[in-house]
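Student: The annotation S-adenosyl-L-methionine binding site is assigned in TrEMBL to Leu9, Asp84, Gly87, Ser112, Ile113, Leu163, Val225, His250. TrEMBL lists 1-178 with the feature domain 'Tetrapyrrole methylase'.
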Amino acid sequence: MLYLVGLGLGDAKDITVKGLEIVKHCRRVYLEAYTSVLTVGKEALEEFYGRELILADRETVEQEADNILKDADLCDVAFLVVGDPFGATTHSDLVLRAVKLGIPYRVIHNASIMNAVGCCGLQLYNFGETVSVVFWTDTWKPESFFDKIQKNKQNGMHTLCLLDIKVKEQSLENLMKGKKIYESPRYMSVNQAAEQLLAIVQNRRLQGEEPEVTENTLCVGLARVGAMDQKIASGTLQQMSTVELGGPLHSMIIAGNMHPLEIDMLKLFAVDESSFEDNECQRNT
């Protein structure tokens with residue numbers, strides 16, 4: 001059988017009891033290592049699980065999935081995913097390949113950033129479509145995610161922004177030359193995401209628009225959710241561009257209309273409480 005096992009968001013101990021039992025008896029155990037990371041490395045996981053882990057990067061999962069599934073109809077194989085196997089990133093292709101080969105599969109769920117963001121006090125059923133904010137380059141500065149944020153905002157909904165990570169990525173030059181040389185890992189911070197959003201706000205104004213999202217829109221910055229050193233900060237989009245939340249991974253929420261209880265919770269993490277006084281109009285009526 002193929003097992004897809006969620007690892008949760010913190011460290012090695014966040015795996016469920018059921019998941020740990022499966023890991024211990026599987027013939028091969030793969031660790032998906034490109035959509036998210038834990039606060040501890042592969043070695044810490046191996047020590048706690050008592051098993052050797054095989055790193056599965058994007059290339060392995062997308063181009064060599066057959067190697068992962070090899071003999072999975074004869075023995076048990078585990079595929080470990082930070083968060084939940086079908087949370088922020090789905091692994092439907094691996095499941096479909098397994099089914100096509102007649103290999104049964106089972107999913108062991110765990111906490112995902114998709115539901116753990118409730119720790120800031122915003123109610124999960126008030127969230128709209130989740131968006132991904134990608135790193136801009138000198139020649140590529142997409143704004144499509146901003147339109148989705150604006151749509152959520154118009155509907156009074158919060159937007160969870162998943163911030164880009166670059167792990168085992170090649171430069172365009174090395175990619176074109178076929179060189180297997182990889183860039184150093186990069187993880188987008190709340191500051192960087194806010195700066196890109198502020199730039200889009202300015203671009204839209206230059207185009208004659210008055211965007212729904214502005215410098216004064218209330219936001220929440222989250223870092224290392226689920227870890228012992230988790231950090232949360234709430235304030236305006238402008239404040240998010242300078243707030244210090246430390247190391248990865250970061251996420252950001254653009255707030256929509258808020259219930260008084262949501263506002264009271266966000267004030268616990270306020271960079272400056274006066275920001276909320278200026279945004280009382282965002283309360284639900």
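Start at 1 and count along the chain as shown; that gives each residue its number.
Every residue gets a Cβ built from N, Cα and C, even glycine.
Predicted automatically and left uncurated, TrEMBL annotations should be read as such.
What's the neighbourhood like for these features in this structure?
Tutor: There are 25 other Cβ atoms within 10 Å of the Cβ belonging to Asp84 (S-adenosyl-L-methionine binding site).
Confidence over the domain 'Tetrapyrrole methylase' (1-178), given as mean pLDDT on the 0 to 100 scale, stands at 89.
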Student: Can you check which residues sit near Val225 (S-adenosyl-L-methionine binding site), meaning Cβ under 8 Å from its Cβ, same chain, 6 or more apart in sequence, and list them in order?
Tutor: Leu9, Ile113, Ala116, Val117, Cys119, Leu249, Ser251
Student: Return the maximum Cα to Cα distance in Å (whole number) over the record's S-adenosyl-L-methionine-binding residues: Leu9, Asp84, Gly87, Ser112, Ile113, Leu163, Val225, His250.
Tutor: 17
